[in-house]
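Student: This is the structure I want to talk about, given as structure tokens.
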Amino acid sequence: MSFEGKIALVTGASRGIGRAIAETLVARGAKVIGTATSENGAKNISDYLGANGKGLMLNVTDPASIESVLENIRAEFGEVDILVNNAGITRDNLLMRMKDDEWNDIIETNLSSVFRLSKAVMRAMMKKRCGRIITIGSVVGTMGNAGQANYAAAKAGLIGFSKSLAREVASRGITVNVVAPGFIETDMTRALSDDQRAGILAQVPAGRLGGAQEIASAVAFLASDEASYITGETLHVNGGMYMV
């Protein structure tokens with residue numbers, strides 16, 4: 001599974017799942033451009049990618065910022081072959097208390113950004129008759145979660161968006177898929193109390209949290225030639241927490 005000669009764009013690549021994805025694609029030969037919301041985050045990405053890529057600052061809710069980043073990538077590396085939409089935020093609240101900005105921020109960052117970025121790379125992929133668009137969803141997008149109506153709506157929306165786009169571009173050799181993680185070991189989960197952690201693990205038949213590398217491996221498979229006949233799918237990586 002080699003990505004030699006491929007250019008990959010991974011949003012939200014400064015840490016966690018995004019960083020694991022970027023490092024996995026680099027290890028398999030791709031040139032990777034990772035994005036962050038701050039200059040310091042972009043520098044950190046450049047530092048860990050080294051000669052194999054670059055970190056850039058990107059506001060995924062701003063069309064001008066997206067176009068600027070893509071122009072930078074074209075000038076230095078060429079057109080994007082693999083787009084990984086990983087950037088996302090949470091603004092949790094019960095619906096009765098949820099403010100409009102808590103709803104709108106999540107939809108703009110977690111859903112509308114995927115529309116903008118996918119559209120921005122589409123023309124070049126269609127010309128090459130090859131491309132991979134992989135979006136990081138969530139188990140919450142399928143099963144729902146109290147206090148996350150905004151987040152669940154955005155993550156569910158990604159699935160419908162990806163299925164529709166997959167139908168539009170399949171004849172051009174472009175695949176569009178979603179990877180939906182369950183509970184993944186992160187800085188946030190490591191800070192949980194023993195009781196909180198036990199409550200989470202009780203929902204997972206595998207009896208453990210997932211690792212960021214396990215999500216990255218799923219992304220790498222869907223980005224590969226081996227997955228060229230898989231499109232419009234959601235790959236659930238959740239230890240059996242939710243079985244579709």
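Keep in mind that glycine also has a Cβ here, set from the backbone N, Cα and C atoms.
Here Swiss-Prot flags Gly12, Ala13, Ser14, Arg15, Thr37, Asn59, Val60, Asn86, Tyr151, Ala152, Ala153, Ala154, Lys155, Ile184 as NADP(+) binding site, drawing on similarity to another entry. Under the heading Ca(2+) 1 binding site, Swiss-Prot lists Gly50, Gly53, citing similarity to another entry as support. What Swiss-Prot records for Ser138 is substrate binding site, and it gives similarity to another entry as the kind of evidence. Residues annotated as Ca(2+) 2 binding site in Swiss-Prot: Asn145. Marked as active site, proton acceptor by Swiss-Prot: Tyr151. Residues or ranges marked as Ca(2+) 3 binding site by Swiss-Prot: Glu233, Thr234.
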Student: Under DSSP, is Gly50 (Ca(2+) 1 binding site) helix, strand or coil?
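Tutor: Gly50 (Ca(2+) 1 binding site) sits in a helix per DSSP.
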Student: Within 10 Å of the residue listed as 'Ca(2+) 2 binding site' (Cα-Cα), which of the binding-site residues Ser14, Thr37, Tyr151, Glu233, Thr234?
Tutor: Tyr151
Student: Out of Ser14, Thr37, Tyr151, the binding-site residues in the record, which is closest to Gly53 (Ca(2+) 1 binding site) when you go by Cα distance?
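Tutor: Closest candidate to Gly53 (Ca(2+) 1 binding site), judged by Cα separation, is Ser14.
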Student: For the NADP(+) binding residues given in the record (Gly12, Ala13, Ser14, Arg15, Thr37, Asn59, Val60, Asn86, Tyr151, Ala152, Ala153, Ala154, Lys155, Ile184), what is the largest pairwise C-alpha separation in angstrom?
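Tutor: In whole numbers, the farthest two Cα atoms are 25 Å apart.
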Student: Are there residues of the same chain, six or more positions away from Gly12 (NADP(+) binding site), whose CB falls under 8 angstroms from its CB, and which are they?
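Tutor: In sequence order, the residues whose Cβ lies under 8 Å from that of Gly12 (NADP(+) binding site) (at least 6 apart) are Gly18, Thr35, Ala36, Asn86, Ala87, Gly88.
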Student: For the binding-site residues Ser14, Asn145, which Cβ has the most other Cβ atoms within 10 Å, all shown protein chains included?
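Tutor: Top count of Cβ atoms within 10 Å goes to Ser14.
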Student: Just to confirm: which same-chain residues, 6+ apart in sequence, have a Cβ under 8 Å from the Cβ of Ala153 (NADP(+) binding site)?
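Tutor: Set apart from Ala153 (NADP(+) binding site) by at least 6 residues yet with Cβ under 8 Å, we have Ile106, Ile107, Leu111.
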